[in-house]
Amino acid sequence: MDGMDNPEGPVPDCGEGRHDASLPLPAAFLEFLSENGLDPAVYSMAATIPRYIRLKPGMESQIAEIEGELKCGLQKVSWLPGFYAIPPETQIAGSKAYQQGKIYGIDAASGAAILALDVRPGDHVLDLCAAPGAKLCMLADILGGTGSLTGVDVAKHRLSACRTMLQKYSLGDRTRLFVADGTLFSILPVNSNLRRMEGPVDLKEDVSTFSEWSSRRSWKDRQKAKKANATGSQHPLASSEPELIYYGKHSGLVGLRKSDVLCPTADDEACTSGYDKVLVDAECTHDGSIKHIQKFEFWGWKTLDRRVLDAERTDNLLQLQLHLLTNGFRLLKTGGSLVYSTCSMTVAQNENVVRQFLSTQPSAELQKIDLSDSWPCRSGGIPKTLRFDPATSQTSGLFVAKFSKLPT
């Protein structure tokens with residue numbers, strides 16, 4: 001749920017897109033960095049860090065054409081298949097390649113977190129903090145015509161943007177999207193135990209089933225939305241049921257009873273029928289996303305105080321991160337893998353969360369990420385965890401930890 005894979009941030013160009021290397025960081029933010037042992041010098045590196053794009057598989061023959069549209073060369077990222085580096089000032093949203101779904105913006109470190117999951121054909125994958133959608137698209141690309149992908153986010157407007165992305169890149173066929181609190185979400189992947197409507201129907205039962213998804217909302221849904229708008233409700237309440245806002249033709253839902261699909265899971269059920277892979281790219285202070293911090297120069301540094309430095313918000317974030325990680329792990333199948341990541345560079349939101357989680361989860365074990373042997377990253381403060389940062393990786397900052405679920 002980080003800001004790194006946003007295709008076009010709302011920052012105006014300064015000197016044809018180049019920003020002043022000596023960004024005037026406010027005293028309060030410098031104090032935040034000092035308290036967390038972080039070097040403010042990394043924020044002077046924005047002009048030297050490339051922008052990264054991912055090429056939709058099958059578009060390799062059109063690289064020369066895309067270079068012409070973007071007016072720059074695409075430099076292949078040797079350690080990350082399908083990724084290309086372009087100059088940081090390059091804008092992609094106006095290009096045909098972007099508009100036609102041939103490329104999308106995603107930081108290379110975020111791409112590495114996806115590859116760390118080691119998604120295989122046929123896997124059922126859960127992205128518990130799915131917005132704004134680039135990582136979701138990459139997961140769908142990797143799955144291809146197999147398995148299933150479930151995206152969850154608490155913010156409906158952001159998840160709606162994910163839906164638009166999936167449709168734009170023709171990647172939504174096996175995907176379903178739920179507006180829900182990721183700390184409470186408890187719907188398992190579709191499996192063979194769920195019944196499709198066949199044979200005679202008992203009219204006394206609730207026989208409401210999923211037909212093919214349509215962007216046209218039913219009268220009941222329109223009334224529910226109208227009621228929500230009237231009460232000023234922007235996000236679902238913690239106790240409310242998840243809202244399914246999209247499902248693909250081959251997501252496995254068509255023909256199933258809604259009551260069966262939307263039924264919350266019992267804790268032990270997930271061990272055998274849960275997700276094969278879970279991504280928890282948790283909400284954080286975004287301090288590792290250099291370009292995100294840069295935007296506060298235009299948004300106003302007071303906004304930074306409210307969104308990053310507020311002590312109460314930070315304390316709440318730490319609890320949110322732990323609860324997201326814990327719930328994601330609860331929904332993981334025994335033998336499955338979970339990747340936890342944040343674009344914060346602080347120990348509090350990364351290693352400390354991991355330590356706290358491991359102390360309460362005897363079936364959780366940190367896994368070595370084998371691919372990382374060829375990645376330009378360094379070890380985190382706990383063995384087997386990874387850290388990407390501008391100086392080491394030429395990417396935004398990202399912490400990555402991978403867990404496996406052992407039999408209990």
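Every residue gets a Cβ built from N, Cα and C, even glycine.
Since the structure is predicted, the reported quantities are computational estimates derived from the model, not experimental observations.
Per TrEMBL, these features apply:
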type	residues	note
DOMAIN	38-406	domain 'SAM-dependent MTase RsmB/NOP-type'
BINDING	D153, D181, D281	S-adenosyl-L-methionine binding site
ACT_SITE	C343	active site, nucleophile
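Features recorded in TrEMBL, as mapped to the structure shown.
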residue	record	Cβ neighbours (10 Å)
D153	S-adenosyl-L-methionine binding site	30
D181	S-adenosyl-L-methionine binding site	20
D281	S-adenosyl-L-methionine binding site	27
C343	active site, nucleophile	30
Euclidean distance between Cα atoms of C343 (active site, nucleophile) and D281 (S-adenosyl-L-methionine binding site), Å: 8
Whole-number mean of pLDDT values that fall within the domain 'SAM-dependent MTase RsmB/NOP-type' (38-406): 89
Separation of alpha carbons, D153 (S-adenosyl-L-methionine binding site) and C343 (active site, nucleophile) (Å): 17
Max CA-CA distance, Å, over listed S-adenosyl-L-methionine-binding residues D153, D181, D281: 14
